[in-house]
Amino acid sequence: PPAAGPGQPSPQQRTETLGFYESDRGRKKKRSLSDLSLLRFISAELTRGYFLEHNEAKYTERRERVYTCMRIPKELEKLMFFGIFLCLDAFLYVFTLLPLRVFLAMFRFITLPCYGLRDRRLLQPAQVCDILKGVILVICYFMMHYVDYSMMYHLIRGQSVIKLYIIYNMLEVADRLISSFGQDILDALYWTATEPKERKRAHIGVIPHFFMAVLYVFLHAILIMVQATTLNVAFNSHNKSLLTIMMSNNFVEIKGSVFKKFEKNNLFQMSNSDIKERFTNYVLLLIVCLRNMEQFSWNPDHLWVLFPDVCMVVASEIAVDIVKHAFITKFNDITADVYSEYRASLAFDLVSSRQKNAYTDYSDSVSRRMGFIPLPLAVLLIRVVTSSIKVQGVLAYVCVVLFYCGLISLKVLNSIVLLGKSCQYVKEAKMEEKLFNPVMTATPGRPAGKQQSAFKSTQGISTDENGSTSVTNQPVHQKENMPSLLVTSNSDQFLTTPDGEEKDISQDSSELKHRSAKKDLLEIDRFTICGNRID
């Protein structure tokens, strides 16, 4: 080897130094292996620490999820409470104001020659719709007299428990399907009867539509009667096994709903469906109690026998709804504030139906939004009440009149409270401008922006001294050649559709996919198809 230079270690010194380092490394390795004992491992596990603030965002999100789940019961029940009273308002309308409106419409029709034909219309469109509803209600009521409730009860009671369970599930599915088609039948009848006659006829006539509506209401009333009879059989069974199975079916609903992808539109649909289902169940329970009380000669002691079962049905519905909505909001990262938006949307329907330029009755709006159609349920309830309660003597008729006056008072009080609350919810959601500045739908060959400007110029909406727009100053009648109005959202940024002034693109799959995007919450009804299962 070459000789070491001045100041450099010799080869022998380098060899000794390397040997020293290798021996020292070996001693350290032996010492570390000896340190890996069981006691030291347990000690390390017991004294090991970590810092949650290193992932602060993650844990803050988890805490907010817990708080959201804790808020869901309160916010959901506030929405349910408001929605149930909306359904009650539409349901009471059939018994209270609708007969009075039909009487006024018939009085106008009879006394019309005394005043002369000062208007092209014999009756206003709303009056025509009221008369159609009243006639359908009366015809279906008399048709229900040919359906024997007692024979149906004993026929269902003779079936096995599993068979009744399957029948009840089939009835629930059939009720949803027939409700979706039934409202279309009624809307088609109303529009066919009130459509301007100057237009080219594009329908089969009013009479065929009328018979279709009568057939629908009659069949739907029979369907609800079978549901009520099945529930009555479950209440009167000795071991209550059928009632338990039917209540457990509500928890099966959680499996079919929780593990799906939900957006705000989908959750709004489900919330409306739950409101309608809960109100319908309350009416079915009322029918069951009336039938049972009649069989026991209106003995009040039997009512306390039914009370635990009624509480079990109501409690199971509430528990299933809370669990279902809590996990849906958790899995889809939806905040609990969305239920306030849903409540504001329902309130907007009520407030807009009170305007002079309203395009629909509020009861029909509830039917479209929630899938709750009051006519079949009202026919069945009238049939059950008249068959269960016998009215004999002058005093009995006086009691009926007083009861009817009480129903009218309840309807008016409920409507006033709901209208006040609805105005409050609309104001809190900052949706007032939608009431006064509706956006018109685009027609072929004309952009939406031009239509909106033309609409504003023809409407002539006036303002008061404070600068606020007045609802009462809006015109009552619109021109017949003017397109229909569609309320859309401009201020709220959730669930908006693409504007009509977007860039023109080709009619291909990408355009269809783009147009199938989120819709405005005010355009979502009970039967709009949206939402997919999570893959």
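Glycine too: its Cβ is placed from the backbone N, Cα and C atoms.
Keep in mind that TrEMBL annotations are predicted by a computer and have not been checked by a curator.
Fair warning: this is a prediction, and the values are worked out from it, not measured in the lab.
The compositional bias 'Low complexity' feature in TrEMBL is assigned to 1-13.
Among the features that TrEMBL reports, compositional bias 'Polar residues' is placed at 450-476 (among others).
According to TrEMBL, the compositional bias 'Polar residues' annotation covers 486-496 (among others).
What TrEMBL records for 503-517 is compositional bias 'Basic and acidic residues'.
Here TrEMBL flags 79-96 (among others) as transmembrane segment.
Per TrEMBL, transmembrane segment is recorded for 130-147 (among others).
Per TrEMBL, the feature transmembrane segment maps to 210-235 (among others).
Per TrEMBL, the feature transmembrane segment maps to 372-389 (among others).
The transmembrane segment annotation in TrEMBL covers 395-420 (among others). With a threshold of 8 Å between CB atoms, the same-chain residues lying at least 6 positions outside the transmembrane segment (395-420) that come near it are 82, 85-86, 88-89, 92-93, 95-97, 350-351, 354.
Long-range contacts of the transmembrane segment (372-389) within the same chain, counting only residues at least 6 positions beyond its ends with a Cβ under 8 Å from a Cβ of the stretch, are 87, 90-91, 93-95, 133, 136-137, 140-141, 144-145, 149, 179, 182-183, 186, 217-218, 220-221, 223-225, 228, 275-276, 279-280, 283, 286-287, 290-291, 293-294, 363, 366. The list of residues near the transmembrane segment (130-147) in space but at least 6 beyond its ends in sequence, with Cβ under 8 angstroms from a Cβ of it, reads 94, 98-99, 101-102, 105-106, 123, 189-190, 193, 210, 213-214, 217-218, 221-222, 225, 375-376, 378-380, 382-383.
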